[in-house]
Structures are given as structure tokens and as C-alpha cells.
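Chemist: The following feature annotations were taken from TrEMBL:
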- Lys147: active site, for sulfotransferase activity (ACT_SITE)
- Cys336-Cys348: disulfide bond (DISULFID)
- 138-373: domain 'Sulfotransferase' (DOMAIN)
- 74-133: region 'Disordered' (REGION)
- 33-64: transmembrane segment (TRANSMEM)
Amino acid sequence: MGQRLSGGRSCLDVPGRLILQQPPPPPPVRRKLALLFAMLCVWLYMFLYSCAGSCAAAPGLLLLGSGSRASHPSPVLATAPDGTPPRLQFRAPPATPLAAGKEMAEGAASREERSPEAPDSPSPISSFFSGSGSKQLPQAIIIGVKKGGTRALLEFLRVHPDVRAVGAEPHFFDRSYDKGLAWYRDLMPRTLEGQITMEKTPSYFVTREAPARISAMSKHTKLIVVVRDPVTRAISDYTQTLSKRPDIPTFESLTFKNRTTGLIDTSWSAIQIGIYAKHLEHWLRHFPIRQMLFVSGERLISDPAGELGRVQDFLGLKRIITDKHFYFNKTKGFPCLKKAEGSSRPHCLGKTKGRTHPEIDREVVRRLREFYRPFNLKFYQMTGHDFGWD
């Protein structure tokens with residue numbers, strides 16, 4: 001008679017010996033299912049690892065009318081290096097109403113720079129991969145210029161899977177340099193091997209200390225400058241300030257030191273930023289021209305894929321961003337993305353972009369073009385590129 005042993009095995013009585021009976025082998029179908037499940041697990045792991053680079057901690061793109069705003073902590077008064085208690089800075093009252101208007105305009109522009117458009121909160125997938133990779137100092141920086149198209153360029157570049165960029169402007173090399181490189185690095189998104197870390201702060205281009213500071217971080221940093229017709233740029237700059245402070249003086253009164261003599265007021269930042277040749281001289285003392293790429297703000301609107309092709313080549317990236325990524329938005333007046341990073345929805349820049357410019361006196365525009373012409377020609381010679389503004 002057969003007997004049941006512990007462990008579920010059975011034995012048979014055979015004269016002179018006891019024979020253990022092994023359990024029957026699992027059916028072939030069960031083995032195949034187990035193998036298939038194991039392969040599925042391996043494939044899923046490899047897929048998630050490969051997409052970590054494009055889904056990691058980078059902020060999502062800002063969709064029109066949506067997105068969360070980054071919170072800004074209250075300013076802290078820093079103690080001086082010699083131990084002197086912190087003191088508030090007071091400015092002397094302006095001498096004339098026009099000077100007061102200029103200060104109002106500069107203050108409104110400064111406040112908008114300190115409150116840049118913040119990206120959307122990261123998606124659940126992005127949060128899942130937030131621990132992937134490591135934080136690196138940027139290998140490429142968009143250094144300018146304000147109202148030239150820097151936000152559009154950054155948003156377009158973030159579609160590329162090998163580009164990881166911080167959303168808000170860090171303003172490290174102009175306002176927060178005393179916080180140190182460790183603080184700056186911590187602002188950056190995590191990257192995987194082969195990916196490029198980027199940031200953009202347009203005010204770097206006109207900051208005298210920025211070239212030396214960036215060179216001290218790395219002499220090999222690639223620099224991108226988005227430039228635009230300086231007259232149109234100045235009007236766009238003024239329009240942005242006007243939207244914040246409707247009570248500022250007119251563009252015409254801010255443009256001239258003396259309207260009768262036609263003397264241009266180059267102390268007004270809206271005018272000063274557009275003297276590109278003057279600012280570029282400071283950068284060329286620390287970086288060779290081959291390490292800088294000058295992007296046309298006009299072509300970024302008329303041929304975004306063409307300009308993005310140049311940028312991808314300059315950064316050593318495969319040309320992935322092409323015509324198929326864009327459509328022209330007639331309402332906004334500039335190209336938008338068919339699909340934003342990590343989204344299936346179209347994406348245009350927010351309502352602060354593409355504002356309608358006020359009507360400016362033609363004589364003022366003509367005088368400004370005459371003022372900028374020699375600086376533009378010098379800039380063409382320095383960069384080896386005619387941007388066609390004259």
C-alpha cells in the first residue's frame with residue numbers, strides 16, 4: 001500500500017525497499033507563462049530606465065492659462081563681511097518728474113524679472129523619476145537678451161530628450177553670486193549621462209561681472225544669445241513695463257535726454273540693452289567667439305525649426321526638433337509647440353508674451369534707427385552675421 005510522507009510526497013511499498021514518488025513536472029504552459037512574465041518585467045524595467053532622462057525632475061512646460069506659480073521667499077538682509085548690521089538701502093528722490101518716471105519704469109521691469117513665469121508642477125511620472133541622475137552645473141547658458149525671444153527658445157529646446165533645463169531664471173551670476181556654486185548647482189534638474197544641463201537668464205548679457213564669473217565656473221561653457229532688432233526690442237521692453245505701470249511716461253519722453261536736440265538717453269535700460277556690440281566686447285575678453293551662438297529673434301518666429309537646427313548643432317545634439325513640432329498661432333503672432341514636453345496638448349507661451357505694442361511716433365523710431373545703425377554694423381562684423389536690421 002502507498003504511504004503519504006511529509007511534504008506532499010508519496011511512497012510505494014516494494015519488497016525489500018521503499019521508493020519515493022516525485023511530483024509530476026509542471027505543465028509546459030505554466031513554464032511558458034512564467035518565462036513570459038519574467039521577460040515582461042525585464043522589458044518594463046529597461047523601458048522605464050530609458051525614459052527616465054525625458055521624464056525626470058525637469059519642470060513641465062507652461063500651458064496657456066494654466067500652471068502653478070513658484071513661490072518667492074521674502075528678501076533677507078545680509079550682514080556685511082565686516083560684521084556690520086544689515087541696513088536698508090534708501091534712494092535719493094529724483095530731481096525731475098521725468099527722472100521719477102524712468103525710475104518707475106526701471107522698477108516695474110525689475111519686479112517682472114524677479115517674478116518670471118514658473119513652470120507647471122511636475123507630473124506624477126516626473127516625480128517618480130525625481131531621484132534619477134545627478135545635478136550638474138550648466139554646460140550651456142542662454143545669456144540674453146531681454147525681450148529677444150529667450151523664453152521661446154528655452155521652451156522649444158526642452159522638447160529635446162537630451163536637454164534638461166531649469167524653468168525659472170536663476171539670476172546667479174548677476175544677483176546671487178555670493179550664495180556659491182553649490183547653491184547654484186542645487187537649482188539645476190537632475191540629468192543622466194549624455195544629457196545637457198541648461199539655464200537662461202537674459203540679464204547676464206548686460207552684466208559686467210557675468211563673463212568673468214561664468215568663465216571661472218567653466219571656460220568651456222557654451223553661450224547662446226538671442227538678439228532682435230534693437231528698436232523693436234526697446235519698444236517691446238517698454239510695453240512690458242507699461243503693462244505693469246500704466247502711469248509711466250511715454251516712450252518718446254523716456255527715449256530722449258533732450259527732445260529738441262534729439263539726444264538719446266542711453267542710461268535708460270530699454271535703450272542700453274540694444275547696444276549689443278558694447279556688451280559683446282566684455283564677453284569676448286573671456287570667451288572665444290566660436291563658443292557663442294547668436295540666434296535671430298526674427299527667424300525664431302519666421303523659421304523656428306531652422307534656428308533650432310543651428311542651436312542643436314551648436315550644442316552637439318542630434319537634430320530631433322524639426323518642422324513637425326511647430327504650428328503658427330495667428331492670434332499670438334508666433335509659433336507654438338504642437339505637443340509640449342510630457343503632454344499631448346499644444347503649447348503656447350503665456351499671456352505675458354506677444355503683447356500688442358503701442359503706437360510710437362515715426363520720427364522717434366527713425367531717430368532710434370539712426371542711433372543704433374553704427375552699433376549694429378559693428379555687431380555684424382564681430383559676429384560675422386548680418387541680421388538685416390538696417
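Every residue gets a Cβ built from N, Cα and C, even glycine.
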Chemist: Can you name the residues of this chain that are 6 or more positions from Lys147 (active site, for sulfotransferase activity) yet have a C-beta less than 8 Å from its C-beta?
Modeler: Pro202, Arg228, Arg233, Ser236, Asp237, Gln240
Chemist: Could you tell me the mean pLDDT the prediction assigns to the domain 'Sulfotransferase' (138-373)?
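Modeler: Taking every residue in the domain 'Sulfotransferase' (138-373) and averaging pLDDT yields 93.
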